[in-house]
């Protein structure tokens, strides 16, 4: 029951993190709407075509300013993530996580209060975004470390694939909640999510259990393994055709139950030396670039290309996240069965590239086509992203080269997601710079990023394929 409680609480925590990030993409279309569709200016006789826009986003450079808002959050998030994992490994996760959530709720609400306080200076919104980006880095390393503390490797891909749907659920709820007030009082589109994440943070403080040992439960075996021991759950994974980790000795120590000396938390450079960390981190950089470009720009793209209203575009964009839920579960299930995390990611990335091209060219030909394409693209784009940030991060954070040291999960997770967050910062920024030249060019950029993400995993895929060939040869008796 404590495992279930941990899954539910961490799910709710990160759902609320993404719920609080989503409103900015919904509100963009209201900060610079099509004023001519609303008729003449009811307040005066001005012929301004941007009379209903919110300054300072009422100029022709509004897309660049939107890109600056996104980038302020994402650059701060990327920089803070590398530091956050180190703190998360050394501080009580319950305090660290809940404190970050309460602060995130504060800064999210402050952005919305700019509407009620009638603030029209860019620096206010930029500063709030930077602060929010920094405090939100408390989330991901903490929740992955908590889940990793409670679960071994056997079904990790499927369990974390289902659990990782919190990202898409948060995006969907954030879109729907922000859409309620986007046309009437857009400040509430931020204030309400801010209150929600702060409230969940308080619940987390009182009920989250960090380690099984805290409540007298037996920990997963990667917490107590000695140098010569091997996780039996990992045997199941390694006996599959593909595996990202190599074989280890099957010899057992003479006293497996003897308490081991408390290991020190791994260093940043030590985490980088774990096989696969660099490759998956760089792959995630480009995979997250694509995912976050959709997160921040898809509603505006639908408004501009399909000519829907702000609320309708926000509701339709949630289908991309519905696909993301399905893609994350599918990627986790397949990678558990095959043991090939990198191969699963590569196959999905290869298929995603032509699907993005098709969505841009035929995805707006009808509502049914748009729905189908958004779900398929969401599954293929977010599937690899979900797999790398969850099961792969947890696998590498408990890699056999660590010799049972459990104090690496938060640092490894932070390195992988921090590198990915650099791509998350670049994607929306590039989209803001490229979109004035045409949406086709934005999609060409996304396709190129998908291809690069796939190529960066080539070495790991080759290793997995060789493992597959060796496994099949041994199974058929060609090799002893």
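Cβ coordinates are placed from backbone N, Cα and C, and glycine is handled just like the others.
The stretch that TrEMBL tags with transmembrane segment, taken from the ranges 34-55, 188-209, is 188-209. Most Cβ pairs under 8 Å to the transmembrane segment (342-359), among the stretches 123-151, 163-182, 318-335, 408-430, 442-462, belong to 442-462.
Three or more CB pairs closer than 8 A are found between the transmembrane segment (123-151) and the transmembrane segment (65-88), so contact between the two stretches is assigned (pairs 6 or more residues apart). Ranked by the number of CB pairs under 8 Å to the transmembrane segment (163-182), the listed stretches 65-88, 95-117, 277-298, 371-396, 442-462 are led by 371-396. Counting Cβ pairs under 8 Å that are 6 or more residues apart, the transmembrane segment (188-209) and the transmembrane segment (277-298) reach fewer than 3 and are not in contact. Sequence-remote contacts of a segment are chain residues at least 6 beyond its ends whose Cβ falls under 8 Å from one of its Cβ atoms, and for the transmembrane segment (95-117) they are 13, 16-17, 20, 23-24, 54, 87-88, 124-125, 128-129, 131-132, 135-139, 142-143, 146, 185-191, 193-202, 204-205, 208.
Taking residue pairs at least 6 apart in sequence, the transmembrane segment (65-88) and the transmembrane segment (408-430) share three or more C-beta contacts under 8 angstroms.
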